[in-house]
Amino acid sequence: MTTEQRPAAPDATSAAAAARALNEGAAAGEAVVGGSTATIEETAAVEKSAGATETADSATRTETADSATATDPTTVQQVGTVSLGEAALRSWHRWASHINDPRLPPVPKTPHWWSLHGVGAWFGVIFYSWSMSASLLPRPWYLQALATGICVALGYGVGVSIATLLRRLGFSPDWKANRRRWAWIVLAVVTAVVVPLAFFLGGHAQTVTAELVGMPVDNRWFHVLAIPVAALVAVALIGLFRALIQLGKIFARFGSRFVPVLPAKIFGTVTAVVVAVLLVQDGVLPGILAVGGRLAAQTDQADVPGVEQPVDPERSGSPDSLVDWDGMGRNGKVFVAGGPTVDELEEFSGEPAMTPVRAYAGLETSDDLREVAATVVAELAREGGFDREVLAVATTTGSGWVNEAPSTSLEYLHNGDTAIAAMQYSYLPSPLAFIADRETPENAGRALFEAVYAVWDQMPEDSRPKLVVFGESLGSYGGQAAFSGVDDMAARVDGALWIGSPNFSEPWGRITDERDAGSPERLPVVDGGDHVRFVDTPDGLTDLGPWEAPRIVYLQHATDPVVWWSPDLILRQPDWLKEDLAPSVNPDMQWYPFVTFWQVTVDMVFSIDMPDGYGHSYELGTVDSWAAIVPPEGWTAADTSALREWVAAPGA
């Protein structure tokens, strides 16, 4: 704009009016000045000039400004310049609030999105150092970055919240600028020392943890990418946190039109939180579940390379079956087509064997879980499952998966004279299945067991098979739901094997809480081990001496995050971290508020990929467990060792 095109400098009266117009929300960064439209830079100069009229020498300064404007076209920018973004932000705030309530703090003139809160920064550094500490399993660099970024953001939020609370309670030290500057210098020095030191110690902790669980050590990418990615995660989360705060302020300013300041602030905070929760609950989670559901449904219907329709009548999905092969689902097909053959069983035992019965029904059988369970029972009857020596009811994971290890171990143990019944209740992976619906796994576990038990219970005691139950992970959670407690379990089955039970499983939780005094949480002792034993390794089955039937085994690893993950980790140190740690757990692992929860959370991601005997990987331990629960007549410890070696052999 040239000097001739620039409007004349306003007088004090018009300048004050223009300032008020800006504060009341002039749209699109424009203000009415002396009957004409001024640019954003000019409006800022006008507002500056208006403020000057309130001083003792206002007349002199106004004349000087007018004179300067008339002679120098750049003077307006020199008097006071506001960036386009700042003016737009301020104008948007005024518009959103609809009011200019003097009782509430004014909208900041300078956006604070990239500024840091001192106390929040201190807590962020502390949480960062904690996040690099040891946990149950080694983590790849990207999971470490995710956990660290979340923890830094949480630490920052905790620090800001504490400082805000103390200020509300009247504790607000009035630090001068020089002292504040030194506080930031100290923080910078501490950060410069703590960040690389904690990073180095964290890398060492990862190495020790990996060696303890038999994993290869490779920290190259860990040292290169973990910190910068963690910083991006933290910045993004802090930005969301600040956006939520700004949303609360907007709601508070709106509420102040009708109620006093304090209720308005409470209203704003609560409303912003509710909006965020509803957004996640009704927007984000359903979206994730919808996408995950579509992908899981496609996977469930896909063919599995190398898996062929069984021809033996003892298998569901065979030509003689009541269940259609194409409707069994991916994991159902794998289950009924798997297991040892008669030749393999006879090769191990040296005696004539039987084809193991495997009865299974998929989701396409019916929308009613009870009808699906009834179909499985009909399949058991057709296949001769109720005439076998051992009848096992298996509760599947979310996708309908049955771990081959406990199934095969049981079949080898009894030379094929077994029947296993299972059914699908979802096609979602266990984490998504649990988020989508906690009740369905429990309902499925109850439906299948009750359907099988109803037939089995009517059979003569001297001619019916031994009835056992088992499940792994979410299958353990659902399977245990069929029983009210240990006494109920012991009264209705001849044995149980619960593998890697999630921390929210019942009656697992009650049994653990009511353990014998002095026994650790990771390996509880219940009634001296008469009927129930918690084991990490095969030795745990015999450490307490002889025990009585029926026998119930909880197989759980000290390094399994699925077993130890709980929301309680956020604010409460669990007993298993107060007690002596297992030899397989990094001895440097400690509990930290908020942080340990996220460490164990990310540990779950690849826990099933750990070597056998660690994390959520359960293979050979099932051989010893079944041998203790339902041993065949004349079975010895030497036979157990031989079977363990046989199952562990490649191609078994």
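Cβ atoms are placed via backbone N, Cα and C, with glycine included.
Keep in mind that what you see is a predicted model, and the values were worked out from it rather than measured.
Taken from TrEMBL, the feature region 'Disordered' applies to 44-76 (among others).
For 52-75, the entry in TrEMBL reads compositional bias 'Low complexity'.
For the transmembrane segment (113-130), same-chain residues at least 6 beyond its ends with a Cβ under 8 Å from one of its own Cβ atoms are 148, 151-160, 162-163, 180, 183-184, 187, 190-191, 194-195, 197-198, 230, 234, 239, 242, 592, 594-595. Per TrEMBL, the feature transmembrane segment maps to 113-130 (among others).
Sequence annotations record features per position, and here TrEMBL assigns domain 'Alpha/beta-hydrolase N-terminal' to 132-340.
Cβ atoms under 8 Å from those of the transmembrane segment (142-166) belong to residues 117-128, 130-132, 172, 202, 206, 222, 225-227, 229-234, 236-238, 241, 594-595, 598-599, 601-602, 605-606 of the same chain, restricted to positions at least 6 beyond its ends. Per TrEMBL, the feature transmembrane segment maps to 142-166 (among others).
Per TrEMBL, transmembrane segment is recorded for 182-201 (among others).
Here TrEMBL flags 221-245 (among others) as transmembrane segment.
Annotated transmembrane segment per TrEMBL: 257-280 (among others), in sequence order.
Among the features that TrEMBL reports, region 'Disordered' is placed at 301-320 (among others).
The annotation domain 'Alpha/beta-hydrolase catalytic' is assigned in TrEMBL to 357-642.
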Self-check item: Summary of DSSP states over the region 'Disordered' (301-320), given as helix, strand and coil counts
Solution: 1 helix, 1 strand, 18 coil
